[in-house]
Amino acid sequence: MENHKSNNKENITIVDISRKINQLPEAERNLLENGSVYVGLNAALCGLIANSLFRRILNVTKARIAAGLPMAGIPFLTTDLTYRCFVSFPLNTGDLDCETCTITRSGLTGLVIGGLYPVFLAIPVNGGLAARYQSALLPHKGNILSYWIRTSKPVFRKMLFPILLQTMFSAYLGSEQYKLLIKALQLSEPGKEIH
């Protein structure tokens, strides 16, 4: 019985939060509800940049669309979903109530999933294309790891700025979403005005 009461209280809290979010102006509500899409679009851009850099290094000239679509689509979807699960949903349900925690979660999501993951994803995609079209001399079985580390170093150096930009943007977006949620929670309910 106690679990049922706790669950009912939790549902009331979620309903109250969503009702107050709906009172925000449309632009602010849009940022609060769809912020993960913006982070996902930045991750897709990071994926396309990493794909382009690896294609140049490995001299891959064929299958531009076949490599570009997954390098934009997969980082977008994973970053959008991860940001929604770790930042947006806990904020909207009241489980994430600390600004520092929100900034840390959103920044780490931007760094790991939105920045580093697309670069690591570009390695097998373009390595497979280089092997298929024989555009670059690939290593033998003994020195595969050292080859990919050596090949990836210039890409990671060039991707440093987009990765840092993605991290800072995600952290800033998390901070703004937290401030908007606090603003929404401080709004008075229509019809429940205090005199």
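These residue numbers are counts, starting from 1, taken along the chain as shown.
Cβ atoms are placed via backbone N, Cα and C, with glycine included.
Per Swiss-Prot, the features are:
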TOPO_DOM  1-33  topological domain 'Mitochondrial matrix'
TOPO_DOM  78-110  topological domain 'Mitochondrial matrix'
TOPO_DOM  132-158  topological domain 'Mitochondrial intermembrane'
TOPO_DOM  176-195  topological domain 'Mitochondrial matrix'
TRANSMEM  34-54  transmembrane segment
TRANSMEM  57-77  transmembrane segment
TRANSMEM  111-131  transmembrane segment
TRANSMEM  159-175  transmembrane segment
>> Are the transmembrane segment (159-175) and the transmembrane segment (34-54) close enough to be called in contact, which here means at least 3 C-beta pairs under 8 A that are separated by 6 or more residues?
In response: yes
>> Same chain only, please: residues at least 6 beyond the ends of the transmembrane segment (34-54) with a C-beta under 8 Å from a C-beta of the stretch. Say none if there are none.
In response: 60, 67-68, 71-81, 83-84, 87-88, 106, 109-110, 113-115, 117-119, 121-123, 125-126, 151, 154-155, 158-159, 162-163, 165-166, 169-170, 173-174, 176-177
> Any residues 6+ beyond the ends of the topological domain 'Mitochondrial intermembrane' (132-158) with a Cβ under 8 Å from its own?
Replying inline: 50, 53-54, 57-63, 119, 122-123
> What are the DSSP helix, strand and coil residue counts for the topological domain 'Mitochondrial intermembrane' (132-158)?
Replying inline: 20 helix, 0 strand, 7 coil
> the topological domain 'Mitochondrial matrix' (1-33): mean pLDDT?
Replying inline: 72
